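Structure first, then comments.
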Amino acid sequence: MLETIASVQAPLVGVVLLWSASVKLFTRRGRLRSQTTALSKLLGEQRAALAYRGLGGIEALLGLALLTPPLWWPKPAAVIVMAIGFAGYLTYARIHAPESSCGCMSATHVPISWRGYSRAGWLLAAGILGLFANQFWFTALTGEPVVLAAVMVGEAVLFIALSPEFDGAWLVPLRRLRVAVTDPLGGDNDSIPLDATVTRLHHSDLYRHVAPALRTDVHEHWDEDEYRFITYGAEYDGSKATAVFAVPLRSDAPEPIRVALVNEETGETLIQLDHAPEEAETPEWALSRGSTPAGSTVG
(Lines of atoms letter the chains of each structure in order from A and count residues from 1; the text may use other names and numbers.)
(Lines give C-alpha, C1' and ligand atoms only; values in the text may rest on other atoms or scores of the structure.)
Protein backbone atom coordinates (compact mmCIF):
# COMPACT_ATOMS: atom_id res chain seq x y z
CA MET A 1 0.00 0.00 0.00
CA LEU A 2 2.91 2.36 0.73
CA GLU A 3 4.11 2.06 -2.86
CA THR A 4 0.59 2.78 -4.12
CA ILE A 5 0.25 5.91 -1.95
CA ALA A 6 3.72 6.95 -3.09
CA SER A 7 2.55 6.78 -6.69
CA VAL A 8 -0.04 9.56 -6.26
CA GLN A 9 2.43 12.09 -4.84
CA ALA A 10 3.41 13.08 -8.37
CA PRO A 11 0.09 14.70 -9.41
CA LEU A 12 -0.22 16.54 -6.09
CA VAL A 13 3.25 18.05 -6.32
CA GLY A 14 2.88 18.62 -10.07
CA VAL A 15 -0.29 20.69 -9.68
CA VAL A 16 1.29 22.71 -6.85
CA LEU A 17 4.37 23.48 -8.94
CA LEU A 18 2.31 24.48 -11.98
CA TRP A 19 0.21 26.82 -9.85
CA SER A 20 3.34 28.41 -8.39
CA ALA A 21 4.89 28.72 -11.85
CA SER A 22 1.80 30.42 -13.29
CA VAL A 23 2.02 33.14 -10.62
CA LYS A 24 5.68 33.80 -11.37
CA LEU A 25 5.37 33.72 -15.15
CA PHE A 26 1.97 35.10 -16.11
CA THR A 27 0.80 37.66 -13.53
CA ARG A 28 1.83 41.29 -13.38
CA ARG A 29 1.51 41.34 -9.61
CA GLY A 30 3.74 38.31 -9.48
CA ARG A 31 6.50 40.20 -11.32
CA LEU A 32 6.04 43.18 -9.02
CA ARG A 33 6.12 40.91 -5.99
CA SER A 34 9.63 39.71 -6.90
CA GLN A 35 10.91 43.07 -5.69
CA THR A 36 9.62 42.40 -2.16
CA THR A 37 11.15 38.94 -1.82
CA ALA A 38 14.59 38.14 -0.43
CA LEU A 39 15.76 37.63 -4.03
CA SER A 40 15.96 41.40 -4.35
CA LYS A 41 18.44 41.57 -1.48
CA LEU A 42 20.32 38.47 -2.58
CA LEU A 43 20.64 39.25 -6.30
CA GLY A 44 19.70 42.92 -6.69
CA GLU A 45 16.48 44.39 -8.04
CA GLN A 46 17.30 43.93 -11.72
CA ARG A 47 18.32 40.26 -11.39
CA ALA A 48 15.52 39.45 -8.92
CA ALA A 49 12.76 39.66 -11.54
CA LEU A 50 14.75 37.51 -13.99
CA ALA A 51 15.53 34.92 -11.30
CA TYR A 52 11.89 34.92 -10.20
CA ARG A 53 10.71 34.12 -13.73
CA GLY A 54 13.51 31.59 -14.15
CA LEU A 55 12.37 29.76 -11.04
CA GLY A 56 8.85 29.79 -12.42
CA GLY A 57 10.11 28.14 -15.60
CA ILE A 58 11.87 25.40 -13.63
CA GLU A 59 8.73 24.78 -11.58
CA ALA A 60 6.64 24.55 -14.75
CA LEU A 61 8.98 22.00 -16.36
CA LEU A 62 9.14 19.84 -13.24
CA GLY A 63 5.39 20.08 -12.71
CA LEU A 64 4.70 18.91 -16.26
CA ALA A 65 7.25 16.11 -15.92
CA LEU A 66 5.53 14.82 -12.78
CA LEU A 67 2.14 14.73 -14.49
CA THR A 68 3.33 12.89 -17.59
CA PRO A 69 4.80 9.38 -18.04
CA PRO A 70 7.09 7.58 -17.63
CA LEU A 71 7.68 6.74 -13.96
CA TRP A 72 11.28 7.84 -13.41
CA TRP A 73 13.12 8.25 -10.09
CA PRO A 74 14.94 11.52 -11.01
CA LYS A 75 11.56 13.29 -10.93
CA PRO A 76 10.93 12.85 -7.18
CA ALA A 77 14.66 13.36 -6.62
CA ALA A 78 14.31 16.80 -8.22
CA VAL A 79 11.38 17.52 -5.88
CA ILE A 80 13.63 16.69 -2.90
CA VAL A 81 16.32 19.07 -4.17
CA MET A 82 13.73 21.81 -4.69
CA ALA A 83 12.32 21.31 -1.18
CA ILE A 84 15.77 21.60 0.38
CA GLY A 85 16.48 24.70 -1.70
CA PHE A 86 13.15 26.19 -0.65
CA ALA A 87 13.96 25.63 3.03
CA GLY A 88 17.40 27.17 2.53
CA TYR A 89 15.87 30.22 0.84
CA LEU A 90 13.41 30.66 3.70
CA THR A 91 16.26 30.50 6.21
CA TYR A 92 18.28 33.10 4.29
CA ALA A 93 15.25 35.37 4.03
CA ARG A 94 14.44 34.98 7.73
CA ILE A 95 17.98 35.99 8.71
CA HIS A 96 18.91 38.64 6.15
CA ALA A 97 15.54 40.05 5.03
CA PRO A 98 12.97 39.22 7.73
CA GLU A 99 10.52 41.79 6.39
CA SER A 100 10.52 40.26 2.90
CA SER A 101 7.72 38.23 1.32
CA CYS A 102 7.91 34.53 0.57
CA GLY A 103 6.68 35.13 -3.01
CA CYS A 104 6.08 31.40 -3.41
CA MET A 105 2.51 30.64 -4.41
CA SER A 106 0.82 33.99 -5.09
CA ALA A 107 1.42 37.71 -5.55
CA THR A 108 0.17 38.39 -2.04
CA HIS A 109 2.69 39.55 0.56
CA VAL A 110 3.32 36.51 2.78
CA PRO A 111 5.76 36.92 5.71
CA ILE A 112 8.28 34.16 6.38
CA SER A 113 6.77 31.94 9.09
CA TRP A 114 6.54 28.38 10.40
CA ARG A 115 3.89 27.65 7.77
CA GLY A 116 6.45 28.13 5.01
CA TYR A 117 8.85 25.69 6.67
CA SER A 118 6.02 23.20 7.21
CA ARG A 119 5.13 23.45 3.54
CA ALA A 120 8.76 22.80 2.60
CA GLY A 121 8.63 19.77 4.89
CA TRP A 122 5.53 18.50 3.12
CA LEU A 123 7.24 18.92 -0.25
CA LEU A 124 10.32 17.07 1.03
CA ALA A 125 8.20 14.22 2.42
CA ALA A 126 6.25 13.95 -0.85
CA GLY A 127 9.51 13.77 -2.80
CA ILE A 128 10.99 11.08 -0.56
CA LEU A 129 7.76 9.09 -0.64
CA GLY A 130 7.66 9.43 -4.43
CA LEU A 131 10.94 7.49 -4.68
CA PHE A 132 9.04 4.37 -3.58
CA ALA A 133 6.37 4.61 -6.30
CA ASN A 134 6.04 1.39 -8.27
CA GLN A 135 3.60 2.54 -10.98
CA PHE A 136 2.49 5.64 -12.84
CA TRP A 137 0.04 7.71 -10.82
CA PHE A 138 -2.89 7.35 -13.24
CA THR A 139 -2.59 3.56 -13.20
CA ALA A 140 -2.50 3.55 -9.40
CA LEU A 141 -5.49 5.87 -9.17
CA THR A 142 -7.65 3.70 -11.43
CA GLY A 143 -6.73 0.63 -9.38
CA GLU A 144 -7.62 2.07 -5.95
CA PRO A 145 -9.77 5.14 -6.74
CA VAL A 146 -11.57 5.57 -3.41
CA VAL A 147 -8.61 5.14 -1.07
CA LEU A 148 -6.17 7.16 -3.17
CA ALA A 149 -8.70 9.93 -3.81
CA ALA A 150 -9.16 10.23 -0.04
CA VAL A 151 -5.38 10.40 0.42
CA MET A 152 -5.04 13.10 -2.24
CA VAL A 153 -7.88 15.18 -0.81
CA GLY A 154 -6.39 14.91 2.67
CA GLU A 155 -2.96 16.02 1.48
CA ALA A 156 -4.47 18.85 -0.55
CA VAL A 157 -6.37 20.11 2.51
CA LEU A 158 -3.16 19.94 4.56
CA PHE A 159 -1.24 21.88 1.91
CA ILE A 160 -3.91 24.59 1.72
CA ALA A 161 -3.91 24.89 5.52
CA LEU A 162 -0.13 25.39 5.44
CA SER A 163 -0.35 28.05 2.69
CA PRO A 164 -1.11 31.63 3.82
CA GLU A 165 -1.68 32.51 0.16
CA PHE A 166 -4.98 30.59 0.26
CA ASP A 167 -6.24 32.10 3.51
CA GLY A 168 -8.50 34.40 1.50
CA ALA A 169 -10.37 31.38 0.15
CA TRP A 170 -11.22 29.75 3.50
CA LEU A 171 -9.71 31.36 6.61
CA VAL A 172 -10.76 34.94 5.93
CA PRO A 173 -14.38 33.96 5.11
CA LEU A 174 -14.49 31.95 8.34
CA ARG A 175 -13.25 34.96 10.29
CA ARG A 176 -15.78 37.21 8.58
CA LEU A 177 -18.54 34.75 9.40
CA ARG A 178 -17.46 34.75 13.02
CA VAL A 179 -17.47 38.54 13.10
CA ALA A 180 -20.87 38.66 11.41
CA VAL A 181 -22.32 36.20 13.92
CA THR A 182 -20.73 37.59 17.07
CA ASP A 183 -20.58 41.28 15.96
CA PRO A 184 -17.81 42.07 18.49
CA LEU A 185 -17.75 45.78 17.70
CA GLY A 186 -21.46 46.21 17.10
CA GLY A 187 -20.72 48.11 13.92
CA ASP A 188 -20.95 47.81 10.16
CA ASN A 189 -18.57 45.25 8.67
CA ASP A 190 -19.07 46.21 5.01
CA SER A 191 -15.88 46.62 3.03
CA ILE A 192 -14.68 50.06 2.06
CA PRO A 193 -15.80 50.90 -1.51
CA LEU A 194 -13.05 51.30 -4.09
CA ASP A 195 -14.47 54.68 -5.15
CA ALA A 196 -13.96 56.00 -1.62
CA THR A 197 -10.30 54.95 -1.64
CA VAL A 198 -9.71 56.39 -5.12
CA THR A 199 -11.30 59.69 -4.06
CA ARG A 200 -8.97 59.89 -1.05
CA LEU A 201 -6.03 59.10 -3.31
CA HIS A 202 -6.97 61.77 -5.87
CA HIS A 203 -7.15 64.39 -3.11
CA SER A 204 -3.64 63.62 -1.88
CA ASP A 205 -0.63 65.79 -2.73
CA LEU A 206 1.35 62.67 -3.60
CA TYR A 207 -1.14 61.63 -6.30
CA ARG A 208 -1.16 65.15 -7.77
CA HIS A 209 2.63 65.04 -7.90
CA VAL A 210 2.72 61.70 -9.74
CA ALA A 211 -0.44 62.18 -11.85
CA PRO A 212 1.40 63.63 -14.90
CA ALA A 213 3.17 60.27 -15.29
CA LEU A 214 -0.04 58.22 -15.26
CA ARG A 215 -1.39 56.98 -18.59
CA THR A 216 -4.42 54.87 -17.62
CA ASP A 217 -7.25 54.57 -15.18
CA VAL A 218 -7.13 52.00 -12.36
CA HIS A 219 -5.65 48.70 -13.60
CA GLU A 220 -5.80 46.50 -10.52
CA HIS A 221 -6.55 46.79 -6.84
CA TRP A 222 -6.30 44.50 -3.84
CA ASP A 223 -6.34 44.71 -0.05
CA GLU A 224 -3.34 43.55 1.94
CA ASP A 225 -2.76 43.99 5.67
CA GLU A 226 -4.05 47.51 6.45
CA TYR A 227 -3.55 48.90 2.94
CA ARG A 228 -5.40 48.98 -0.36
CA PHE A 229 -3.04 48.74 -3.32
CA ILE A 230 -4.09 50.46 -6.56
CA THR A 231 -2.11 50.24 -9.80
CA TYR A 232 -2.07 52.49 -12.86
CA GLY A 233 -0.26 52.32 -16.16
CA ALA A 234 2.47 54.97 -16.21
CA GLU A 235 5.44 56.27 -18.16
CA TYR A 236 8.88 57.00 -16.76
CA ASP A 237 11.60 58.55 -18.88
CA GLY A 238 9.97 57.18 -22.04
CA SER A 239 9.57 53.63 -20.70
CA LYS A 240 6.37 51.84 -19.72
CA ALA A 241 5.94 51.50 -15.98
CA THR A 242 3.35 50.55 -13.37
CA ALA A 243 2.49 52.97 -10.58
CA VAL A 244 1.57 51.12 -7.39
CA PHE A 245 -0.14 53.23 -4.71
CA ALA A 246 -0.52 51.94 -1.14
CA VAL A 247 -3.46 53.69 0.55
CA PRO A 248 -4.25 53.02 4.25
CA LEU A 249 -7.71 51.49 4.53
CA ARG A 250 -8.56 53.56 7.59
CA SER A 251 -8.99 57.25 6.85
CA ASP A 252 -7.54 58.15 10.27
CA ALA A 253 -4.49 55.90 9.91
CA PRO A 254 -1.19 57.63 10.76
CA GLU A 255 0.63 55.90 7.90
CA PRO A 256 1.04 58.02 4.74
CA ILE A 257 -0.02 57.14 1.22
CA ARG A 258 2.95 55.67 -0.66
CA VAL A 259 3.75 55.09 -4.30
CA ALA A 260 6.32 53.14 -6.28
CA LEU A 261 6.96 53.19 -10.03
CA VAL A 262 8.10 49.82 -11.39
CA ASN A 263 9.54 49.21 -14.85
CA GLU A 264 7.19 46.77 -16.65
CA GLU A 265 9.99 45.11 -18.62
CA THR A 266 12.65 44.58 -15.94
CA GLY A 267 10.59 44.75 -12.73
CA GLU A 268 13.06 47.33 -11.36
CA THR A 269 11.71 49.82 -8.83
CA LEU A 270 12.33 53.22 -10.42
CA ILE A 271 11.19 55.54 -7.63
CA GLN A 272 9.54 55.28 -4.21
CA LEU A 273 7.78 58.18 -2.49
CA ASP A 274 5.81 58.55 0.73
CA HIS A 275 5.17 62.28 0.37
CA ALA A 276 5.12 64.97 -2.31
CA PRO A 277 8.04 67.40 -2.50
CA GLU A 278 7.42 70.76 -0.85
CA GLU A 279 7.47 72.49 -4.23
CA ALA A 280 4.77 70.48 -6.01
CA GLU A 281 6.04 71.18 -9.51
CA THR A 282 5.47 68.86 -12.44
CA PRO A 283 8.49 66.55 -12.29
CA GLU A 284 10.64 66.42 -15.40
CA TRP A 285 10.53 62.62 -15.48
CA ALA A 286 6.73 62.56 -15.53
CA LEU A 287 6.17 63.86 -19.04
CA SER A 288 7.71 62.64 -22.25
CA ARG A 289 7.60 64.56 -25.48
CA GLY A 290 4.25 64.24 -27.23
CA SER A 291 2.54 62.47 -24.30
CA THR A 292 -0.59 63.54 -22.47
CA PRO A 293 -1.29 62.88 -18.78
CA ALA A 294 -4.17 60.56 -17.92
CA GLY A 295 -7.41 62.45 -17.58
CA SER A 296 -6.24 65.52 -19.53
CA THR A 297 -7.10 66.71 -23.02
CA VAL A 298 -5.19 68.35 -25.79
CA GLY A 299 -6.68 71.66 -26.81
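Heads up, the Cβ atoms here are built off N, Cα and C, so glycines get one too.
Feature annotations, courtesy of TrEMBL:
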DOMAIN    5-132  domain 'Methylamine utilisation protein MauE'
TRANSMEM  6-27  transmembrane segment
TRANSMEM  48-67  transmembrane segment
TRANSMEM  73-92  transmembrane segment
TRANSMEM  120-140  transmembrane segment
REGION    274-299  region 'Disordered'
COMPBIAS  289-299  compositional bias 'Polar residues'
Residues sitting near the transmembrane segment (48-67): Cβ under 8 Å, six or more positions beyond its termini, same chain?
10-11, 13-18, 20-25, 30-31, 33-35, 37, 39-40, 42, 75, 78-79, 82, 103, 266-268
Taken over the domain 'Methylamine utilisation protein MauE' (5-132), the model's mean pLDDT:
89
Secondary structure content of the domain 'Methylamine utilisation protein MauE' (5-132), with strand meaning DSSP E or B:
99 helix, 3 strand, 26 coil
